[in-house]
Structure formats: C-alpha cells, structure tokens
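These come from TrEMBL:
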- 1-24: signal peptide (SIGNAL)
- 102-122: transmembrane segment (TRANSMEM)
- 142-160: transmembrane segment (TRANSMEM)
- 172-191: transmembrane segment (TRANSMEM)
- 203-222: transmembrane segment (TRANSMEM)
- 228-249: transmembrane segment (TRANSMEM)
- 261-278: transmembrane segment (TRANSMEM)
- 284-305: transmembrane segment (TRANSMEM)
Amino acid sequence: MACRVVTAIIILSALFSTFCIVQGSEGDQSPFYRNCIDKCIQANCTRGGKFANSSNIHYSTLDVLIGWTCQDECRYTCMWPTVEAFKGRRWNVPQFHGKWPFVRVLGMQEVASVTFSILNFIVQLNEWRKFRKEVRPDHPFYWMWSFYVMICLNSWIWSIVFHARDTSFTEIMDYVSAFSVVTYFLFCFGARVGSHLFRGATVVHACLCIALYVFHATYLLFVKLDYGYNMVVNVSVGGVTSIVWFAWCVKNRKELPHTHYLMHFLLGLWATMLFEILDFEPIYWIFDAHAVWHCTTIPLPYLLFRFVKADCKYLHKEKEKNI
C-alpha cells in the first residue's frame, strides 16, 4: 500500500512539473490583442499611465483604490474581444499573461480564489483556537505547531491579496509565503522524527530547511520571477516531505494509531493537486481549477490538527512516564 502511494505521488509530481513548464499564454501574444491595447492606450491613457480626461474606459473608484491602472484597464477591456475572436475561430480560450480570463467582481481579479482563501484562513485560525484549548504550552512541540499555523495564516493572507490584485510584488509574496509553509512542514518532520537521533540533529535540519528557503526566495527575488520554476520546486519539496511523513506514519501506525489522521491529510492533499494538473477555463469566468483547488483544501487542516493534538498529548504522557 505504501509503495503504491509513494509511486502515485512521484507520478503526480512529474506530471505537474511538466505541465507547469509547457503551459504558455496565447492571448497576450496575439496581434489582435496587442493592436487593441495600443489603440486603447493611445486613446485613453496619459504618458504617465493615468486615465486621460477624455477616457472612454469604464472604471470605478474601487478599481482605482485597488490599484488598477489605465494600462491594466486596457488589458482587461481588450481581453474579452480577443476571447470572442478565438472562440469565433473555434480555437481554445487563451490565457493572458499566464492567467485565464476572469470577470472582475468588486475590483477583485479572481473572486473565487479570494473567497476560498479567506475560508482557508478562517478554518486554519479556528483549528489553532481549538489546538490552544486542548494542548498546553508545556506539551512537546506546542510552539512548533503554533508557529506552523502563523506561517499558514500569513500564506493565506498573501493568497487573498495576490488573487485580488496580481502585481509583481503580490505574486512574489504569494510564492515565497507558500514555500515557507512547504519548507516549515519539512522542518516539522525533522523535529518530530529526528530529534532523538543525535544531539543537534534538529538544529542541523533547521539550517538545511532555512538554506533551502533562502535560496529559492533569493532566486525569485533577484534572478527571475518564474511561475513554472516556482511550482516545480514547491511540488518537488512538497512531494519529498509528503513521502517521508507518509512513510513514517506507515512505520508507526500500530504504535501511534493517531497517525491515520496525518495519512488521510497527506492523501487528501495530493488528491486536491489533481485540480492543478487538470486545468480548465473558468466556469462563468469565475471558477477555474486553481479556485477549485483552494476550495478542496478548506477541510484539510481539520485532519492535520486531529493528528497534531493527539500527538502532542501522546508525547506529553510519554514525557511524564519518564519523569
């Protein structure tokens, strides 16, 4: 059973990595779209990129407050006739600048992903509240898992911001905050499993995780902001982390029955990744595969923290026995 799960995870990682590399954006490369933008900017935007007094573009105060510029509005305005032109030729709906075309709602670029990210934040916060009620600060790994929740909450905040308004800054903050969750979960494995191996094992493992995070974040910040590279690294590190956690669960499932919660969490996590692989154009121009993925991750913290609470209590009892 364990071998089959590990094999499936490796295959999913390879498929997802390949998908991320080959996926392109036809819409913003089309001459129709580029000509439309050039004409729109000339007719509606000043040289400073602001809306001209004679602008015919319809925009709201909320759009301006969120940060949509005149050029952004031209891109949004020209995107829809380009989509219709592609559909009129019976071509597939194109992506624009790496994204599907979405209808803005209240100035938000991807309202479904924003909504589901908010729900993920709420669930994560609620599980932390229950964790703090049931587990005391003197329990082993209390602070480790508390810090894990803080990292997750920070990640969901940037997910909300990024999907509401896509800029280079919000994109990189979304990427690096998401990777912080991945690398910290890897650190949690080393801390939980390897702390008894030799003195300083947790410190060595922590340094390796920090180095991995800093290297990846530095590359995105100062070398190249690359979506495909970022996703390959996340899936690879996340895949390795899932494998070692799952293998540990299988090995200790008889001694530690509560590991089945973590096993179901890991299986659910990888099942949700199918929505990232099986990408599709947005339904009603709102719900794409990425939004559905965010929706399917909402219940997962419940499974993870069932394991975390039980494990902290188990370790506390073992600690009291040895006193």
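Just so you know, glycine gets a Cβ as well, placed from its N, Cα and C.
Across the candidate stretches 102-122, 172-191, 228-249, 261-278, the maximum count of CB pairs under 8 A to the transmembrane segment (203-222) is reached by 172-191. The stretch in closest packing with the transmembrane segment (228-249), judged by the count of Cβ pairs under 8 Å and taken from 102-122, 172-191, 261-278, is 172-191.
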